[in-house]
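Peer 1: Take a look at this one; I'll ask things after.
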Amino acid sequence: MPRRTDLHHVLVIGSGPIVIGQACEFDYSGTQACRVLRAEGLQVSLVNSNPATIMTDPEFADHTYVEPITPAFVERVIAQQAERGNKIDALLATLGGQTALNTAVALYESGVLEKYGVELIGADFDAIQRGEDRQRFKDIVAKAGGESARSRVCFTMAEVRETVAELGLPVVVRPSFTMGGLGSGIAYSTDEVDRMAGAGLAASPSANVLIEESIYGWKEFELELMRDGHDNVVVVCSIENVDPMGVHTGDSVTVAPAMTLTDREYQRMRDLGIAILREVGVDTGGCNIQFAVNPRDGRLIVIEMNPRVSRSSALASKATGFPIAKIAAKLAIGYTLDEIVNDITGETPACFEPTLDYVVVKAPRFAFEKFPGADPTLTTTMKSVGEAMSLGRNFVEALGKVMRSLETTRAGFWTAPDPDGGIEEALTRLRTPAEGRLYDIELALRLGATVERVAEASGVDPWFIAQINELVNLRNELVAAPVLNAELLRRAKHSGLSDHQIASLRPELAGEAGVRSLRVRLGIHPVYKTVDTCAAEFEAQTPYHYSSYELDPAAETEVAPQTERPKVLILGSGPNRIGQGIEFDYSCVHAATTLSQAGFETVMVNCNPETVSTDYDTADRLYFEPLTFEDVLEVYHAEMESGSGGPGVAGVIVQLGGQTPLGLAHRLADAGVPIVGTPPEAIDLAEDRGAFGDLLSAAGLPAPKYGTATTFAQARRIAEEIGYPVLVRPSYVLGGRGMEIVYDEETLQGYITRATQLSPEHPVLVDRFLEDAVEIDVDALCDGAEVYIGGIMEHIEEAGIHSGDSACALPPVTLGRSDIAKVRKATEAIAHGIGVVGLLNVQYALKDDVLYVLEANPRASRTVPFVSKATAVPLAKACARIMLGATIAQLRAEGLLAVTGDGAHAARNAPIAVKEAVLPFHRFRRADGAAIDSLLGPEMKSTGEVMGIDRDFGSAFAKSQTAAYGSLPAQGTVFVSVANRDKRSLVFPVKRLADLGFRVLATEGTAEMLRRNGIPCDDVRKHFEPAQPGRPTMSAVDAIRAGEVNMVINTPYGNSGPRIDGYEIRSAAVAGNIPCITTVQGASAAVQGIEAGIRGDIGVRSLQELHRVIGGVER
């Protein structure tokens, strides 16, 4: 049937900030949906709080609201559009993850959707309830002829304990309506049951948990299905988890299609999945169903269902080329599967199920090193921060590619020293799921363990173990062969081994370069195959490629002949990780779109299945490949070889994807690959402290005193000369990796040892730490002559908090005209001194009226999307054009940049935008179950960001906090405990809270100071202080755990006070989901936000409206 004619205006809800369990796959799906709906002539309103998303670019919706995704704010959007005579007809909430779904449910249940006549499309309320509510779903599975794990839904701890007594330990605890397994876990004791179920009841919006029998160790599978209004159903993809049940699917290595199912088992799973889909009632969209199979007897049970586009949907889309989100959006507005044409073939309908003639492997990326003390055991609560995907003609080829795509310290088997111990130690490690267990599987096999013993220890299916065992056998051949001949080398490449891995086994080849030389001499290059959804039955219209080393030397590549347009290769940012996330993908996507429009043929290279950059229609050609020197060079080689004539490859862009492509710049340039934009030598100049220090001295720009050290003695001497505290860090890092503020010699000695191990080829940098300075961030463009200031951001937290974790305001709220003039002058001098062509990010610290230069990065920064949204100027697009030869004057004339002026000075009536970091502390626990510390420092820990934008700072800050963590309290009790150095600064904000009606609790020293300043407060004792007669009986931590505290202000004591007490306070706040502020500036900002909330005049405005006010550039 044709699309519905009664729908004219659709509201799409995004997923908000990148968090563990809900990442940029929903930007990918939401962007597709918005494109589809607008192409169909529908008006689109969008709500999403994440400025780093492509979907919040103004061109993707008619009304783009960068506002908190809460029922209250979404209702304001619906009401505003209705008041303007532009009624919203339908709400599409199935493409924004659990956040969007929960918000839609709340709007339905509160009567808001009925009040404004808004229909839920994609999945109606009943379908959502049937799919998400544990008990109802269990009944549906039984009705469909399936089986669920024995379980019971519990609403109280008494019911939980009763159920555990019936089922026996261990049990699995699962809250309803949460994502990423938040609050779930396997409980082996009654204490663990109490802890997990208590947390689960708190995490579930519906305040219930499912207690179910443990199926730990069973095999796990997923099906991605779609259904239309005529009851046509397609199974898009089957996915198998390599890790068994007990490890969250987001933390497991997964494979598509499923490898170890028999045809009978697959058909049974498929039939049951379709029956469940029909019973649940998802009739215009997609869903994901998870199954478990007992490897001993084949018993099949249904675990759960997501009645929406999920993380696995994005993986299935990229794995098959079947655009699930795009088709789901079309189904939601009335189309049927047979009416939708498959974009990739251009002739088959969407009711044709995809067929794969390749294997896809996804692997998770973790960040445990960022959270010392966190338990690294993998459980049913998701902990990975990103993922990589690869495609190959066989499992081991795809596995090898994905392992090097992760960009960890190990780039595949045999690329790092083995851990100590023998077979038994390796098998012992395998019994506890943890990051990198594939390496232990290979090691145990190499040391002589049988496939059966390794399978028993790990719970991994013997088929996968046997595949890795074949690699062990191949390794033995490679080591033993007298000469590495063409046949053996081709076989090694066919099995996914990199030149680096082969070089580690053949020392006589003198490293990776030697292996490459031999390969080139023997004519061994990969061929590039095409993802076409139909195993080559129909010709693909969209060039989406992956590499494979075929055993047949005559195998042909499928890269299309080159056009007459010059080509530009854009290197993406790889898997998301802390310090390098969606913000860099945003810049890569902007480069692809603007350069295509400017007459270039754009070629994207990336390996992240969650991103918009790896959508098949973002660039003119896509290579789903690891971002290593070898793999990128082969793509360049393939592009140069594809067809004759034409201008060839104009250059490679390394400046937009973060540290990953930047780290390849020198080697690529040395190999003859043209790097466009800022040259590699200039990048080196900015990274080299000595050379950069000379540049600053020549320009008369102050910088904190510093020194470089390779030994503890050198570091101690430098620290004594410049004075403690000092900031120590390794060179060439992103996200503040390994940074620390050091207050004394003992701490310095411990750091030097660790830092040297972290980056042995680079020295340690020791800087004077500027306490109480205001940190400033600047994004600027330079075309080699003119500098354009994109935006000047003032950090809310003081210097010492990593810029990625600090909230910031744009335009700056406390900087004067003279400060901004200093910033402009310094930025221009640095851009010209380095030789920047493209983007530049500079960080400054302002202390006692002196502007110090902290660092300069001649590349796209993580703040580029935020600045672009706040100022209406697309900096990444302008950067891409400049790198390919355009001037700032030319871009002003075209309207891409402001015709006059730049982002250094905002219009008088410009709104204030606040960026806030989103931190994942609640996801991690120590081995004893306690929460980890939420203290911020120079090492970045945030996974994502939100933006609040309004007419004044208080309102914008309030929005940013609501979007990131939930509303700031408007009343209640605030607990205050601060370091001596912060007590004077805290008097005003705490007094204001007391005047607003808050009750103040404080520990003895802080309470005494507050009372002396006329602030009434009640005492609580410190956590480790014993109870004494006449002293408070309740400790600060007791009060927080008892739910008597609504906000915590706790600044750290450095090395001069009771740090352990601060940890207990902050971790209790994290565990109770209570706002916890750890800086004086953060407390002052929070007070302004609370005041704005109490005034109650915080409204909503679309970006399009705000950009007209700013007088920015229409894109």
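Each Cβ is built from the backbone N, Cα and C atoms, and glycine gets one as well.
From Swiss-Prot, for reference:
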type: REGION; residues: 1-407; note: region 'Carboxyphosphate synthetic domain'
type: BINDING; residues: R134, R174, G180, G181, E213, I215, E220, G246, V247, H248, Q290, E304; note: ATP 1 binding site
type: DOMAIN; residues: 138-333; note: domain 'ATP-grasp 1'
type: BINDING; residues: Q290, E304; note: Mg(2+) 1 binding site
type: BINDING; residues: Q290, E304; note: Mn(2+) 1 binding site
type: BINDING; residues: E304, N306; note: Mn(2+) 2 binding site
type: BINDING; residues: E304, N306; note: Mg(2+) 2 binding site
type: REGION; residues: 408-559; note: region 'Oligomerization domain'
type: DOMAIN; residues: 693-884; note: domain 'ATP-grasp 2'
type: BINDING; residues: R729, R768, L770, E775, G800, I801, H802, S803, Q843, E855; note: ATP 2 binding site
type: BINDING; residues: Q843, E855; note: Mn(2+) 3 binding site
type: BINDING; residues: Q843, E855; note: Mg(2+) 3 binding site
type: BINDING; residues: E855, N857; note: Mn(2+) 4 binding site
type: BINDING; residues: E855, N857; note: Mg(2+) 4 binding site
type: DOMAIN; residues: 966-1113; note: domain 'MGS-like'
Peer 1: Does the structure show the domain 'ATP-grasp 2' (693-884) and the domain 'ATP-grasp 1' (138-333) touching, where I'm treating 3 or more Cβ pairs under 8 angstroms (sequence separation 6 or more) as a contact?
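Peer 2: No, the stretches stay apart by this measure.
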Peer 1: To the nearest whole angstrom, state the Cα distance for the pair N306 (Mn(2+) 2 binding site) and V247 (ATP 1 binding site).
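Peer 2: Rounded to the nearest whole number, the Cα-Cα distance is 18 Å.
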Peer 1: Quick check for you: of the binding-site residues E304, R729, L770, G800, H802, Q843, which have their Cα within 10 Å of the Cα of Q290 (ATP 1 binding site)?
Peer 2: E304
Peer 1: Distance between G800 (ATP 2 binding site) and R134 (ATP 1 binding site) at the Cα atoms, whole Å?
Peer 2: 45
Peer 1: With a 10 Å radius around each C-beta, find which of these binding-site residues (V247, L770) has the fewest other C-beta atoms nearby.
Peer 2: L770
Peer 1: G800 (ATP 2 binding site) has how many other Cβ neighbours within 10 Å of its own Cβ?
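Peer 2: Step by step: centre on the Cβ of G800 (ATP 2 binding site), count other Cβ atoms within 10 Å, giving 21.
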Peer 1: Going by C-alpha distance, which of the binding-site residues E220, E304, Q843 is nearest to N857 (Mn(2+) 4 binding site)?
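Peer 2: That would be Q843, the closest of E220, E304, Q843 to N857 (Mn(2+) 4 binding site).
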Peer 1: Sorry to bug you, but what's the C-alpha spacing from E855 (Mn(2+) 3 binding site) to V247 (ATP 1 binding site), rounded to the closest Å?
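Peer 2: Computed Cα spacing between V247 (ATP 1 binding site) and E855 (Mn(2+) 3 binding site) is 41 Å.
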Peer 1: Taking only C-alpha atoms and a 10 A limit, tell me which of E304, H802, Q843 are near R134 (ATP 1 binding site). These are the binding-site residues.
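Peer 2: Taking E304, H802, Q843 one by one, the ones whose Cα falls within 10 Å of R134 (ATP 1 binding site) are E304.
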Peer 1: If you average the pLDDT over the domain 'MGS-like' (966-1113), what number do you get?
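Peer 2: Residues in the domain 'MGS-like' (966-1113) carry a mean pLDDT of 84 in this prediction.
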Peer 1: Counting Cβ neighbours within 10 Å across all chains shown, tell me which of the binding-site residues E213, E220 comes out on top.
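Peer 2: Output for this query is E220.
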Peer 1: What are the DSSP helix, strand and coil residue counts for the domain 'MGS-like' (966-1113)?
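Peer 2: Its residues divide into 68 helix, 19 strand, 61 coil.
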Peer 1: Measuring Cα to Cα, how far is E213 (ATP 1 binding site) from Q843 (ATP 2 binding site) in Å?
Peer 2: 53
Peer 1: Which binding-site residues (E220, E304, E855) fall within 10 Å of Q843 (ATP 2 binding site) by Cα distance?
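Peer 2: Checking each Cα against Q843 (ATP 2 binding site), the hits are E855.
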Peer 1: Cβ neighbours within 10 Å, counted over all protein chains: which one of the binding-site residues R134, R729 has the most?
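Peer 2: By the 10 Å Cβ neighbour count, R134 comes out on top.
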Peer 1: Could you give the Cα-Cα distance between H802 (ATP 2 binding site) and E304 (Mg(2+) 1 binding site), in whole Å?
Peer 2: 39
